[in-house]
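Since the structure comes first, as structure tokens, the remarks are kept for the end.
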Amino acid sequence: MMAFIFQLKAAPMSSGLNVLLFLICIFSTHSLISSHQLHPLDALSTSELTQVHTILKSTICSTSCHNLSYHYVGLAEPDKPIVLAWIDDNAKVPRRQAFVLARINQQNHEIIVDLTASAIISNKVHDGHGYPLLTLDEQTAANKLPFSYSPFIKSIEKRGLKKEEVVCQSYTIGWFGDKKTKRIIRVTCYYLDGTINLYMRPIEGITVTVDLDQMKITGYQDRAIVPVPKADGTDYREVKQKQPVSSPIKPITMLQPHGPSFTIDGHIVRWADWKFHLAFDMRVGPIISLASVRDHDKDAYRDVLYRGFVSELFVPYMDITEEWYYRTYFDAGEFGFGLCATSLFPSKDCPENAAFLDGYYISQNGTPTKIHNVICVFERYGGDVLWRHTETAIPGKVYTEVRPDVSLVVRMVSIIGNYDYIVDWEFRQAGSIKVNIGLSGLLEIKASTYIHKDQIRDEVYGTLVSQNTVGTYHDHFLNFHLDLDVDGYDNSFIKTKLQTRRVMDKKSPRRSYWTAVSETAKTESDARINLGSGAAELLVVNPNKKTKMGNYVGYRLLPGSFVHNLLSNDDYPSIRAGFAKYNVWVTPYNKSEKWAGGTFVDQSQGDDNLAVWSLRNREIENKDIVLWYTLGLHHVPIQEDFPIMPTVNNGFELRPANFFEHNPVLKVKSLGKVEQLKCSKECQHGFNCTN
């Protein structure tokens with residue numbers, strides 16, 4: 001079970017008010033968190049993770065089990081009808097089951113463990129392509145190997161580097177047409193010596209290949225000596241910054257003297273008109289489930305999102321040279337988006353009014369491990385406007401109504417090597433869910449002999465951002481699994497195009513206008529969309545329910561900025577990342593189809609992913625469907641990205657479209673007193689008005 005910790009800190013003020021706020025905080029903390037009954041979608045507790053290991057050791061591994069290692073253990077999600085029946089009838093919690101990906105005797109196993117019965121339900125040996133995600137323990141072990149390998153030590157000495165200042169990192173190798181593969185990785189090393197920003201100081205030209213099953217170096221190449229970029233100016237720590245520094249900004253704080261407006265009951269979060277389930281998973285990070293919004297006209301909660309999470313991240317680099325061509329990472333399936341999550345710092349990663357959630361995963365040897373403060377939940381108000389209008393058309397009168405835009409944010413930060421991914425699920429009062437991905441951290445640098453752009457004559461596959469320092473071109477594609485159940489689970493997907501119409505008669509002096517033309521997708525092939533190709537409005541609707549005006553109730557996908565995969569379709573990384581071919585996919589609900597890159601992603605060959613599933617071209621009209629959205633960024637590094645990148649944001653929004661009968665936030669109250677405008681005699685047109 002995950003533990004919730006609520007922290008609320010006030011800005012400096014008088015001692016009397018401090019005491020008052022301290023008492024308020026204690027009361028608010030007590031009311032925020034309450035005990036709860038077990039939920040079918042709760043993440044596995046520490047005792048359940050321990051139970052998984054105990055059951056495997058006493059059954060599968062009782063006699064002939066060697067080298068057992070856990071690579072993923074998570075909730076085996078109950079069938080959707082069972083979960084929905086439990087919600088409607090408050091019946092007995094479905095049987096608790098765990099889904100396990102393990103390596104046993106150097107074979108890949110898919111295991112389902114019934115925790116209620118303490119028994120193995122199924123144990124399937126995966127004899128197809130690919131391997132499970134890397135564990136932290138084996139990466140740590142692999143990173144140490146070069147330091148006892150004499151050819152590597154000689155290479156370091158040959159470069160005049162200090163062995164004690166060298167650090168190494170493990171990288172997956174992708175797949176490039178080999179029929180048979182071994183579970184191997186590449187280890188790349190970096191140089192500190194005056195900085196903690198190791199990624200700015202790569203030791204170029206050395207390739208170390210490690211067999212993870214044997215845990216030994218099986219290949220080594222020292223191809224070229226390239227100058228290691230200098231350490232000066234690379235350290236990003238505050239204490240290392242020299243004068244002059246940036247102009248200071250006075251402290252800003254979020255103060256809620258009456259406490260927060262949200263509550264957390266176990267894993268159920270309630271705020272304003274929203275209610276949803278929140279869980280942590282070692283592969284995908286935060287999972288939002290059973291999100292529903294209250295319709296005051298109907299006096300009921302209405303379903304919006306059954307389950308949503310980051311399904312996969314594809315990060316291909318564009319350098320095709322010996323030490324770089326294989327760098328085509330799948331961050332969720334190879335490294336674990338949740339496994340790489342970091343503890344969040346109060347008042348830095350999250351504001352003072354945030355509540356925090358711990359997450360748990362199973363380590364390679366079966367021991368439950370905690371990530372402290374892995375998720376935070378907080379209310380956000382940045383001065384934005386929910387809605388407003390000033391009416392000046394009534395002679396002698398001016399009426400102004402303004403409502404503040406307050407939202408609830410669920411945040412996690414995952415550190416995948418050099419990159420920091422900031423994931424926000426934002427629930428808004430108007431009924432929308434806004435998802436934002438912030439990218440910060442460090443560039444993946446290639447060392448170079450060049451110190452000025454004018455020297456460059458050959459392709460360097462990137463931008464010279466500092467002396468001897470090339471920021472390599474690359475992409476980020478994030479695929480989201482969005483199981484929308486809009487007012488029920490039988491939904492349809494509608495594409496609407498805006499078409500120009502010519503005025504052919506003399507009824508109007510206008511010569512043209514545009515109109516909306518809609519089409520309902522019948523099968524999966526109808527719903528594969530690359531944004532920018534024509535479809536302007538993308539909606540998931542419930543064709544069985546209409547508003548009083550006769551419109552289908554629905555939710556609209558509002559993309560942020562979008563890009564397309566520019567690699568050729570026959571390139572091996574593109575085959576593996578088939579989901580990046582289109583921005584939008586729609587498939588019929590299938591509990592087993594949850595990870596867009598497939599189950600065994602490391603060195604996968606593209607035969608088990610979203611693109612392959614969709615080739616069945618199943619019917620999706622008036623069915624339980626899943627929307628898959630792939631957002632992307634092409635990153636052409638610039639000097640402002642050095643030595644650490646300012647955050648770049650991208651995302652999308654799920655927004656109600658004829659879901660409500662009218663504006664659902666019409667009756668939202670102001671946060672504080674709004675003074676009426678006093679107008680002069682000249683005010684009839686809205687001029688010369690003062691408070």
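Here the Cβ of each residue, glycine as well, is placed from N, Cα and C on the backbone.
Automatic, uncurated: that is what TrEMBL annotation is.
Not measured: the values here are computed from a predicted model.
Around Asp331 (active site, proton acceptor), the C-beta neighbours below 8 angstroms that are at least 6 residues distant in the chain are Glu312, Leu313, Phe314, Val315, Phe337, Cys340, Ser414, Ile416, Tyr421. If you look up TrEMBL, you'll see Asp331 marked as active site, proton acceptor.
Residues or ranges marked as domain 'Copper amine oxidase N2-terminal' in TrEMBL: 39-124.
Residues annotated as domain 'Copper amine oxidase N3-terminal' in TrEMBL: 132-228. Summarising model confidence by region, the domain 'Copper amine oxidase N3-terminal' (132-228) averages a pLDDT of 97.
Annotation source TrEMBL lists 2',4',5'-topaquinone at Tyr419. All chains included, 22 other C-beta atoms sit within 10 angstroms of the C-beta of Tyr419 (2',4',5'-topaquinone).
Taken through DSSP, the domain 'Copper amine oxidase N2-terminal' (39-124) splits into 23 helix, 29 strand, 34 coil.
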